[in-house]
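Notes for the one structure printed next.
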Amino acid sequence: MKILVIQGPNLNMLGHRDPRLYGMVTLDQIHEIMQTFVKQGNLDVELEFFQTNFEGEIIDKIQESVGSDYEGIIINPGAFSHTSIAIADAIMLAGKPVIEVHLTNIQAREEFRKNSYTGAACGGVIMGFGPLGYNMALMAMVNILAEMKAFQEAQKNNPNNPNNPINNQK
């Protein structure tokens with residue numbers, strides 16, 4: 001399964017940006033940790049990473065995923081979480097599971113950070129666990145996609161399903 005990981009504004013500055021809040025781990029190190037998690041778990045997962053500081057590029061990337069071989073999206077929209085209805089709309093149009101990740105617990109921060117338009121559009125939000133949150137999102141995504149595939153397989157094999165090829169034989 002192929003999963004797109006989208007990183008928003010200022011995440012390229014991890015390791016330098018307010019280490020008291022975000023720690024010393026860089027974005028590249030977070031991506032390496034995710035790749036290691038995939039390898040150690042022997043998961044059949046291909047990760048693609050994308051980082052931008054521009055709202056429109058995040059929207060473009062989500063839209064590009066529509067009809068592609070990406071099965072899910074893990075996104076940290078950064079501060080756009082609190083301001084971007086446009087990214088939230090793109091998430092709702094993605095047609096695939098989307099999980100939002102935040103390194104910090106946005107509910108424990110400034111009042112203006114407590115609302116997440118993008119989080120409301122996602123299937124779930126993981127926050128406050130630092131870099132571990134990305135592996136938590138990855139684990140959740142793998143399980144969600146496995147459940148979806150199992151459900152689709154069960155539907156396909158259901159003799160009462162009008163789309164079952166057995167029911168179309170004459």
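Cβ from N, Cα, C; glycine included.
According to Swiss-Prot, the protein has these features:
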type: ACT_SITE; residues: Y22; note: active site, proton acceptor
type: ACT_SITE; residues: H102; note: active site, proton donor
type: BINDING; residues: N76, H82, D89, L103, T104, R113; note: substrate binding site
type: SITE; residues: R17; note: site 'Transition state stabilizer'
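Shown are the binding-site residues N76, T104; the one with the most C-beta atoms within 10 angstroms of its own C-beta is N76. Looking only at the recorded positions R17, Y22, H102, the one with its C-alpha closest to D89 (substrate binding site) is H102. In the three-state DSSP scheme, N76 (substrate binding site) is classed as strand. Local packing around the recorded positions H82, H102, R113 was summarised as the count of other Cβ atoms within 10 Å of each Cβ; on this measure the leading residue is H102.
Using a 10 Å Cβ-Cβ cutoff, Y22 (active site, proton acceptor) registers 18 neighbours. Long-range C-beta contacts of L103 (substrate binding site), restricted to its own chain and to partners at least six residues apart, with a cutoff below 8 Å, comprise L14, L21, Y22, G23, N76, M127, G128, F129, G130, P131, G133.
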